[in-house]
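Right, one structure below, let's go through it.
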């Protein structure tokens, strides 16, 4: 029997992201602009297949060729004739949809491999019976042979993403380890080069280690034409300059060009069509420095954006409420755009609920950033049924379901704007100039003058490397918990009186429950975490449990089904006292270590709370088994396509099912499918020797 965490269940939730009304309200020029931006995002997003695992691109092409010839409904008859049961065929469709939704065969949230939940011989029978195989048997046979073993393999190293013997990665060649990553980072820092759009490959050169840093560059002509077309449809000169820099970045592999494009993007305040594209988030690089490609296009939701605009206006009043000294905050708060968007396109390995970008520290510190909340994602991502709501007291469940959405909206707003948007990094530049008075600024944790800082080209990501992403997510989550206690914040989001108190309670309850759920994303064998946000939430749970005084209760119980279960409780009367004080102390420590580039102090603090063991007051290893037993799988999203028809652009929508998700991907690349698939296979083949 295969552990259930390594396959997707047949009843997995699938929801369509509704953007029909938002798209309908766009002008013809805005629709055309959105269309070509979306095409660039989708084509660029194919790079994620190559960034995920050695076999992902080949599996993608195999599925595309099958479904281009036969729709899911047409293939169902073939499956029956080939001896598959209806459950087998549904498992195949779920696997295919999962590969598309995650842009690879590892979960984007948790980095665990997933395999088809049907026997290999039945899947092979279906592949061989397909029309695609009948028409091109030699090519399809070779394609199946190239990926069928890895498609099903669950050897220990292949169960999750990771570096060296801890997992699979394509950011590094198979012979690289942590020491190689550290060496390469020092080299890149010395040359003032960013790792964001790179991969590292090591080879033996006569007994001597030789390293090759590969840049993502040289966009193919087909993709370049897409970019030139949407340059034509750019609404303003600012957009034109921004897109020209992106084009230069992708052509030459220049991070500096992408940074320049990001500067133009920040200046583009309140656009109707919002977008961003490039190598952005570093969650899936085991070392934490390399960005995964993503591109999104979305349309502003004006009503919700008004609330976020009020939050931005209140930011300068709210920032001093945070628990660190004034010197540890940015010299001036650069008011960002903060909008609620309905996603039209989000190409990459997954879709977040909110974003704070760009991720370039130097730009965020001195020039600004943008925040976005993805409204149509929030509307469907976190809806759940009462009977599927785990680990809560019955009395809490109705309240949780009622206020989960509104409370999460508040948390996302605070997390993105005042979490990721707050705090200062102390820097000494290449010329020796400091951005703080080192003779006067006192470290509140030691009472002594600040004695460490970032030097030259050092960045948050390069300095804190493997813990940078999760540490920062934890800091932002803590800011959300801390500031949601502020009545002014709650009023901005329309919550007053008892409703406001319920929002606070559910937000904190949701966080401690998420901390327990986070155990799903811990791997005991390697003692490693596979998901930055869930590690962060587990750390917060540990902090609040440590606060004591009955604030949070966690106990192991037996469920109504006779199986192991757990109950988590929160004393709402102690949130504003015991809870607030605990987060105050912890959040101050997180910021001080971050500001002062104190990697050793930050890592000791964070790793300590991240530890999962079977000793102490709570047996977290046993609780992890309970969490796995009762886990609910994350939903998959179906996105629309756009299509040019004469002088206008049409929105093509799909049903919220696995078949709808599959069809959306098949039709997304139909114009040049054969060439695109050949290119993907060639790129995959070229790198194949590097993974051995």
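Numbering starts at 1 and runs along the chain as displayed.
From the backbone N, Cα and C atoms, a Cβ is placed for every residue, glycine too.
Over in TrEMBL, the protein carries these features:
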| type | residues | note |
| --- | --- | --- |
| BINDING | 415, 420, 473 | Zn(2+) binding site |
| ACT_SITE | 416 | active site |
Most Cβ neighbours within 10 Å: which of the binding-site residues 415, 420 is it?
415
For residue 473 (Zn(2+) binding site), which residues of its chain lie six or more apart in sequence with Cβ-Cβ distance below 8 Å?
532, 533, 536
For the recorded Zn(2+) site, enumerate neighbouring residues of the same chain (Cβ within 8 Å of the Cβ centroid of 415, 420, 473, site residues themselves excluded), in sequence order.
356, 416, 419, 472, 475, 476, 477, 479, 480
Looking only at Cβ atoms, how many others are within 10 Å of the one on the residue listed as 'active site'?
28
